[in-house]
Amino acid sequence: MNIGASTQIHLLPGQYTSSTSSQNLRNALTSSSSALTSSPGINNVSTPLSLPVNIQLAPGIATYTGPSYSGRSTFTSVPSLPVSNNSTPLNAESIAISPGTWAIVKADSDRFVIWDSVPSVSQLPIGASASLSLSDLQSSSCSSPCAGSSVCNASGTCQCPQGFTGSSCESCAPGFFGPKCQSCPENCSKCDDGINGSGQCLEPTIKNPPLSCNCLNGVCGSDGQCTCNPGFTKADNGTSCAKCSSGFFLSTTGNCQVCQLGCAQCADGTAGCTQCLPGFSQDPNDRTKCNPPAQVTNSGTNCPEGSFSNGGSCQACDSTCQSCKGGTSNDCVLCASGRYALNGACVSANADGVCDGSNLIADNNKHKCDSCPAKCTSCKIPSFTVASTVNDLQCTGCLPGSFLSKGQCVEKCPDGTFVSPTDNLTCTPCDSSCGTCVGSSNFCLTCSNNQLASNGKCVSSCPSSTFSSNNACITCHPDCATCSGGAFNQCKSCPPERPVLVGGRCLPTCSKNQFFDTTTSSCQSCDGSCSSCSGAGPTRCLACSGPTSILRSGSCVPANCKDNAPVVPGLGVCLSNLASSSSPTTPSGPNPTGTGGQTTINTIRRPLEWWQILLMALGCAFIVLVVIWLCRRRANKKRAKRTAMLAAQQKVHGKWCFKWGILPDSVKLMKLRAAEEARPISHPYEYKHAPEPEPKSVSEREDENESRRSRSSEERDRVFLVPDGEEDMVKLIGSYQRSQPRTPRYSTYSHHSHHVTVDDTRSMSDASVHSTLSMYSQVTGERHRGPDPRQPVKKDLKSRFSASTLSSYYHFKRSPDRR
């Protein structure tokens, strides 16, 4: 484990909880920046890293170059095949083994079984200079021990190699033979198989047998078509080459033979002719024959043999004919000596009696070419002459699946012969010493003269590792040294690599708390202080049974661990020897939990993933939006509160009055303006001269002016009471109120002696130009002829008009005659 950037803690198999004595280890295990790195051989490491942390060694063995599981480590898993008789050197100072696993270790000539971890090889009861080697490694979880051909895996089943079968992998599958269950030879469909078999081929592989293409007496071609032997044709049931062709009959031996001379069709079995050739008549004395017509001239003269009648006289037959019905070679009734009828012609035969141009055999009795036996693809008559008969016929080729034995095609070679491996066809005689043989003439399966066949030889008694059965010596099961039968549970004695004889079986080990006693060839119990041992007594312990004991020179002694530290279960070493508060500086020094490390915890800060960064950014954006929304909500509440206070102080009643900023005194003024606007006008937007008023005296005009001045002063001195800081708001509302477009109305202004009626109502565009009265209008009493510049609303909301200007505006606008 890296603490910061440099410290590592190597964890050995076990469980690490909050009660772990090392504070540094607890801090590292609970640190958020710790990273767990597994080494080969480690299973079931708890992830994510949180207490408790379970670290388990996979089924197998780990060796360390230093004591107390320190130094460089090497892991070996439980193999899929046995390692018996294949010793592997162990260069180790300490050994850790997974629970439920045992290993057979040899120390020179000594053999012992390790069931528990060994913190120091030097403390085992072996010689100091002994070299260690691993000879077997298996799981102990199988309910029934596996045979020597397999190993027990962690799931509790025997793992069988190829060719083996059975619950304990104790026998060979069909087609496999021998102690290693090898496959039968090539081109062999059946061999002497089984775990006790020799592997010799008993039946060669048949290529393209007739039945592969629904054929009986023919040869299957590469195209799947059947070629029938001569005399055979397709049967009514669809099977090819299953009945005899026309002109042939089925004999009692199962062969199709040709009918007699002159017979076109004959009966199966009896060969009786059922149909004669045209002009022939059935022989009354021999029902198998049909006689040819007599050759008589027109004058009634019988022509002699070798001639025929042409009507008026007799003429000689062709030289190929002995008798004929015409002058050509195709008109022969009986062929001449040395010739045989075939398809209407007379042909000769070779020295083997085979008719020319065919694979038929010459028959001197029928004077015809006849077919070979049904299972023969070819045949001959050795040293053929005109005196030879078909009884001398011999097959020279057989259909696939048949074997050639003494000139006949048979389904199986007779006893005393074997199928020659050179052609897989010919049955060859065995040696005289063999009753039966296989593969070669001198490899005996059984022997004559009451001898026993043993591994192909004939012996008088069975050798060691074999037993007698059916006049042969059968090899014992490979797990046994001697046996009473061929099964793996019929052992009488055991080989050195499987020395324990229990219930007829040879096993590699005794139970965990037992050892094998070579003097009695039996399992004996270990001393009470030992959980496993290599011999009798308290000084032959391989591991200790007590929770507070450790191994010293083969004996279990009190641990006396430093700081009262416990003995680590399953490791047999004090925790104080594995844990320290200081960090390691070299691989060989003590680590907080030992070195050699099957698992490493690294406390390094890992960079954030992209999705973590995205979630953090989205969270921050959401928080900012919430804060802005809360601030605006608070500002709206404050603004509403101030507006309510303003309404209360101005005593404005009703939403419409407050909305347009109309104060109580302004309401009266608006009513007056409405009355003025209701008066009719002559024409809008037009200046008119008012009717000439009657002349007034000087005193009247002075009284009128004085009244006007007092009224303007009264309106100018009127003060609106508003809250502090809201004066500009009232002015701004009033300013916008005055700038709104109104209905057309006209006012008459008096200037000196002229009365002018002015349209005071402006359109929207006009209102934007002349929004308020100018200083010129207020001083002179006349409208300004040009547009008034609009002043922008400033931040401090201060208007260029005062409250007095507002009242003066209304006073100035009223004409003198409308008070």
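Cβ coordinates are placed from backbone N, Cα and C, and glycine is handled just like the others.
According to TrEMBL, the protein has these features:
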COMPBIAS  683-719  compositional bias 'Basic and acidic residues'
COMPBIAS  764-780  compositional bias 'Polar residues'
COMPBIAS  781-799  compositional bias 'Basic and acidic residues'
DISULFID  Cys142-Cys152  disulfide bond
DISULFID  Cys160-Cys169  disulfide bond
DOMAIN    138-170  domain 'EGF-like'
REGION    683-721  region 'Disordered'
REGION    736-800  region 'Disordered'
* **Rounded mean pLDDT for the residues that make up the domain 'EGF-like' (138-170)** => 90
* Name, in the order they occur in the sequence, the residues of the same chain whose CB lies under 8 A from the CB of Cys142 (disulfide bond) and which sit 6 or more residues away. => Cys152, Gly156, Thr157, Cys158
* **Cys152 (disulfide bond) CB neighbourhood, other CB atoms within 10 A** => 24
* Structure fact -> For Cys160 (disulfide bond), the same-chain residues 6+ apart in sequence with C-beta under 8 angstroms from its C-beta are Ser149, Ser150, Gly166, Cys169
* Structure fact -> A correct count of other C-beta atoms within 10 Å of the C-beta of Cys169 (disulfide bond) gives 23
